[in-house]
């Protein structure tokens with residue numbers, strides 16, 4: 001819908017059942033506490049199945065054994081995924097030791113999964129361990145509040161270990177924004193931390209009694225790195241610095257990648273520039289964006305409820321004017337900024353504070369002791385001696401941050417002995433997948449388990465065509481919800497069915513263009529045959545410094561997506 005013909009500010013109609021659930025939940029309590037004591041099932045029932053998401057958990061089951069258990073007349077092997085709230089991805093070594101211990105002793109899979117939302121997840125928490133995991137997190141100053149469902153999720157912040165002063169300032173703002181937009185209900189503390197019920201009535205001055213219409217994602221990004229993939233997020237604060245000091249932010253609103261196969265009312269969308277704001281208005285503006293989306297977002301259709309759809313319905317200028325009105329400011333013109341990349345700098349980087357930072361490539365973010373590569377044990381050993389902190393990146397990697405020169409050799413020795421510094425190709429460093437099977441209930445095709453061998457094949461093609469020192473930003477997501485951020489990749493695979501994917505081309509290296517579907521519902525051999533031909537052409541015909549995605553557009557292989565709300569599906 002164009003600016004000239006804006007739609008209604010509020011969508012009238014029958015509200016979704018999720019709205020009923022939130023309203024009746026008594027500020028997210030439901031009957032979760034009672035359900036915890038029901039030993040007849042390993043899962044949560046009724047509304048509680050969805051309400052636990054507000055407490056940072058998803059109920060899942062092992063899909064590899066689902067059919068087998070059904071044959072045995074057993075319920076699915078229910079277990080929870082828990083996602084920690086960790087603004088900016090910074091975690092202390094004491095906290096790391098606690099989560100390592102819990103993962104090893106109290107989860108089915110024994111792993112820590114770093115995510116591209118800059119936090120960690122536990123998979124396979126049985127119901128009896130759900131309360132203990134929240135209490136363990138609390139004991140080391142962490143929580144899982146608002147990391148899922150209709151709230152402001154974990155706030156991302158560029159992992160920039162080199163410019164330590166600027167990163168420190170941006171990180172503080174990521175924490176402040178996260179805290180400011182948290183729900184105020186005491187449900188989390190009452191249910192998981194056994195804090196006593198207080199007679200006062202809960203109030204949610206920012207989120208409201210029915211919270212947001214849909215999930216909401218926020219970033220703080222420090223150019224020229226776009227490692228956090230700004231355009232995948234609802235609200236983005238782009239850091240503007242003068243003489244290395246943060247002075248304000250450019251605000252971009254309305255990005256998001258989730259689509260539904262065949263539903264042309266859904267689309268991925270890049271965020272729209274609203275303007276520049278000085279630092280002192282940051283929290284007021286963040287609150288204004290969230291409350292405008294709270295009041296104007298579509299509560300009659302969850303597939304059309306995110307901020308990107310609200311912007312398209314009411315018009316960018318209308319939404320922006322409402323944010324200005326609520327925040328009591330006028331945006332200044334956007335200040336100049338540019339992105340040059342979004343990958344992590346793997347290996348040692350010296351910061352301007354003379355400390356060293358070691359970025360470790362963790363394939364798919366999965367930390368486990370593999371045969372000959374005890375990654376989990378290695379990181380635990382480093383955590384025991386390292387005086388700085390760890391930082392999870394939005395590329396699912398891990399930074400050992402703030403290493404003094406005197407400790408460098410000791411940490412490198414452990415990292416090398418544990419397989420944490422094994423050499424990988426540039427292509428593998430720039431490839432990513434979501435979890436998908438066996439734990440994700442939405443998975444349509446493999447992603448995390450598919451990626452390593454798929455990249456082996458891509459590496460072979462890169463060698464064949466003489467471009468093995470290059471990379472293509474390549475991502476696999478197991479379903480169109482898009483957790484793997486394939487809809488901002490140069491080559492994006494979106495799961496369609498077991499062993500089949502939609503192949504998207506035409507994104508760019510810096511993550512500012514949505515790719516278009518090139519081929520639908522194809523197998524791995526068909527994908528590789530297409531990419532063999534196209535990588536060969538790119539190797540021969542590209543211009544100096546031209547990335548694969550830009551080449552596919554310039555060469556006319558794929559039409560660029562210019563206005564996704566209108567031309568993504570053309």
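In case you wondered, yes, glycine gets a Cβ from its N, Cα and C as well.
The feature [4Fe-4S] cluster binding site is assigned by Swiss-Prot to 434, 440, 479, 483, with sequence analysis given as support. When secondary structure is read from DSSP and collapsed to three states, residue 479 ([4Fe-4S] cluster binding site) falls in the coil class. Of all the Cβ atoms in the protein chains shown, 23 others lie within 10 Å of the Cβ of residue 479 ([4Fe-4S] cluster binding site).
According to Swiss-Prot, the feature siroheme binding site maps to 483, an assignment based on sequence analysis.
In sequence order, 435, 436, 442, 443, 447, 477, 478, 481, 482, 484, 495 are the residues of the same chain, not among 434, 440, 479, 483, whose CB sits within 8 A of the CB centroid for the [4Fe-4S] cluster site.
Sequence-distant contacts (6 or more apart, same chain, Cβ under 8 Å) of residue 434 ([4Fe-4S] cluster binding site) comprise 116, 440, 447, 448, 476, 477, 478, 483, 484. Residue density at residue 440 ([4Fe-4S] cluster binding site): 21 other Cβ atoms are found within 10 A of its Cβ, drawing on all protein chains shown.
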